[in-house]
Amino acid sequence: MNGTKSQPDWVREAWSRTTAKVTRISGRIGDRFPHASVQGEYKLEPPYWWTAGFWPGLLWLVYRETKNEALRELAESCERQLDQVITDYYKLDHDIGFMWTLTSVARHKLLGAEDSKRRALLAANLLAARFNVQGGYIRAWNPWREGEQNAGWAIIDCMMNLPLLHWASAVTGDPRYKHTAVRHADMAVEHFIRPDGSVNHIVIFDPETGEKVEVNGGQGYGPDSAWSRGTAWAIYGMSLSYHYTQDEKYLHAAKRAAHFFLANLPEDSVPHWDFRLPEGVPAYRDSSAGACAACGLLLLAEQVDGRESALYRSAGERILHSLYVNYGAWDNEEEEGLILHGTSHFPEGKNIDVPLIYGDYYFAEGLARLAGYRELFW
Ligand code: GLY
């Protein structure tokens, strides 16, 4: 349960406003799948889109606090709708992890639901099946267009999909899933985390030989730039890999990414969408990167001691506090998003400077942690 006594006032206030707002907007969003809020209203995606888990995940975070059964029913309905897509071979990719962790794993952890466990195990099998044994990576996507060859593509985001595999090993007693997660994480330490702690978004391998071919800038500005959300995926993902394995190499990788992230934050502690932008390129913020990194920093704080722990904890709190006071859409009744100024995909010109459902999800997860909820859905 939450330990309200030690919470700073702003955490109590922010968490209470968050639970109230999610409850209120659930009346309009219902059991659908929001992604980016445009002019105040969340636009919807189909249930196979990678973001499908975040709204039900947000509902579960708030249900855990309020026990509002209407929110539980909406989250369960979202989960049931994912049943329709689990057999859609061409649409599902490695983001199966995000999708089923925040729906079925969350429900299994909170309610012990057997049907959710079965669904999440099926999803874990599909995720593990994307592993390329030669290259030691989980394949990211399927071809986005006819004829595209991307069997050799791995992306840093996948670090957040690995907890599904660790969970599957824990509940089945079968270590295959966790072995796959470990192999992928080892590959990510070697090929994604750069010496300065910044990260590559996409690394391309030869899918036949497993040899590394090249690095691709992906959602960052370019191959040598530093996409901030990618850095956040690395901080939280590596720290989760350490949580599940106790292998120090992941702890060190998480720390390296965290120090790069923190050293490159602007004054208000919320990152620009890329930390290495040439002059003249618009430096929009990405509040979602800040929210995700804050969750990683709070976990990291629990994995180390003393001053180091205090440093990560205060950095995570500082980011969440800034998101609350400088980016929160509290005074605008018309805005469905919790936090403003997220950037989804600058190079493709998609969803720039808007609330994003994953920004809202990680913001709420971070606040819930500060409010005393220690159990991870991941
Ligand atoms: N996983 C896709 C993104 O971070 O936008």
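Each residue, glycine too, has its Cβ placed from N, Cα and C.
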For the substrate site that TrEMBL gives with ASP95, ARG229, TRP233, which of ASP31, ASP157, ASP174 also belongs there?
ASP157
Find the shortest Cα-Cα separation between ASP95 (active site, nucleophile) and the recorded positions ASP157, ARG229, TRP233, and name the residue that gives it.
ASP157
Give me the CA-CA distance between TRP233 (substrate binding site) and ASP157 (active site, proton donor), in Å, as a whole number.
6
State the Cα to Cα distance, in Å, between ASP157 (active site, proton donor) and ARG229 (substrate binding site), rounded to an integer.
9
Might you list, by sequence position, any residue in that chain lying six or more from ARG229 (substrate binding site) with a Cβ less than 8 Å away from its Cβ?
GLN219, TRP273, ASP286, SER288, ALA289, CYS292
Using the CB centroid of ASP95, ASP157, ARG229, TRP233 as the substrate site centre, which other residues of the same chain sit with their CB within 8 A?
PHE98, ILE155, ILE156, CYS158, MET159, MET160, GLY230
